[in-house]
Every structure is written in structure tokens, then in C-alpha cells.
Amino acid sequence: MIKLLLTDLDGTLTEDRGTYVVDIGAIKALRRAEKAGIRVALVSGNSYPVLRGLHNYLGLSGGLVAENGCFVFHGGVTFRVCETVPREVVSEFAKTFNLRESWQNEFRRSDFGFTPAELKDEMIKWAEERGLVVQSSGYALHLSGKPGGKGAGVRKLLELANVKREETGAIGDSRTDIEMFREAGITAAVSNADPELKRVASISLKLKSGAGVMEFIDMLLS
């Protein structure tokens, strides 16, 4: 019995990859899951304010993991999981590799976004030399304080929610969701997901993005 459903945001709850437009059918499916007793949690590289607002307005009860695992919200309390990245280091990274900072960086503390999203070996070396983590979601580069990655945040959320791995479902589209999938008992990759994610998923869905969310929730509720 699945008690908690973890869902990514961009490319998963949206109408497609590469758009910010949320799929209305997917949102209705999340509400059906909640009404059936499955708590829904948002797990994303997005900033805490964005996810907290969505969590509230969509009527979700499972909490959230923001900034790629660096912040967790559950039961009205927010927890920091990752180390803080100094603002001057963020600016140095952008300048060194000629990157554009995300508009959300103003509201971030431990995980910062940049475009273009292409990850290069010299970026990884630069981050490692400073005790940081850098990864690409396919939408943006993310520079994070350690431990970085969705896995640490999801583990904290499951602990707070008192939910076991086998009682947890997860759905996503990006290689950055692999860590989240490792913490869930049943996992689903939408049809337009990264190949790396499909290889580790329990289920490869027939439908893309938001339509895939509807497909997966139908499976869970059947």
C-alpha cells in the first residue's frame, strides 16, 4: 500500500518538458490521490518559496523537498539538509563559466541554478575543489552545498513522515530524479524521461509528463 507519493515538478507535473505550464489533468490526479489517502509530496530543484506556494495552493499534505534535496518541509516545520553556499561563490561560478543565473537564486540558500544546462568536466572539478556539488537537470545546472542531491532530502522527509521505503511511490523525468527513485518502493518514469532514469524505474509509462502522472496515479488507485 502506497502511503506517500513523491513527484518532481518540471517535466513531470507540467504539460511537457521545456515548459512551465502545469498540466491541469495531473493536478486533478494528485487531488484524487490525496482524497484516496495517499499523501503527495513535491520533490524538485526549484526554490523553497515556489514549492511551498504550490504545496499549499494545490492542497497537498505530504510535504516537500526543495533545492534538490537541500530543504525539507513537513508538518509545518522547515529543515535545512545541505550546507549554505556563499553568494560570492555563486557569482564566481557564473562568471568563470559564462553562465546566466536563475531568477530564483535570489531566494535560494544552498542550491543555485544556472543556464545553459550543459555540464562540463571543468565545472565538476571547480566544484569539487571547493567542497561543492554540481549537476545538470537538463533544464539548468545546479551548484549545491554538500551532501547535495534529492536523495538526502527524501530520506529526511520519509523519516519525518514515518513512512517506509516500500510504502513510497515516486515519479519523475530527469536524471536528477535517480536519487529519489532509490528511496522509493515503486517508481515511474514518464515516457519523455531521460534514458538514465528509465533504466532504473520500476515502470516506464506510455504517456509523457503530466499525462504520465495521470497514468501512474490510475495504476496506484486501481
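Placed from the backbone N, Cα and C atoms, the Cβ positions cover glycine too.
Per Swiss-Prot, the features are as follows:
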- ASP8: active site, nucleophile (ACT_SITE)
- ASP8, ASP10, ASP173, ASP177: Mg(2+) binding site (BINDING)
- LYS150: substrate binding site (BINDING)
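The Cβ of ASP10 (Mg(2+) binding site) has ARG17, TYR20, SER44, GLY45, ASN46, SER137, TYR139, ASP173, SER174 as same-chain neighbours under 8 Å, each 6 or more residues away in sequence. The 10 Å shell around the Cβ of ASP177 (Mg(2+) binding site) contains 31 further Cβ atoms across the protein chains shown. Secondary structure at ASP8 (active site, nucleophile), taken from DSSP and collapsed to helix, strand or coil, is coil. The distance from the Cα of the residue listed as 'active site, nucleophile' to the Cα of the residue listed as 'substrate binding site' comes to 10 Å. A distance of 7 Å separates the Cα atom of ASP177 (Mg(2+) binding site) from that of the residue listed as 'substrate binding site'.
ASP173 (Mg(2+) binding site): 30 other CB atoms within 10 A of its CB, across all protein chains. Of all Cβ atoms in the shown protein chains, 29 besides its own fall within 10 Å of the Cβ of ASP8 (active site, nucleophile).
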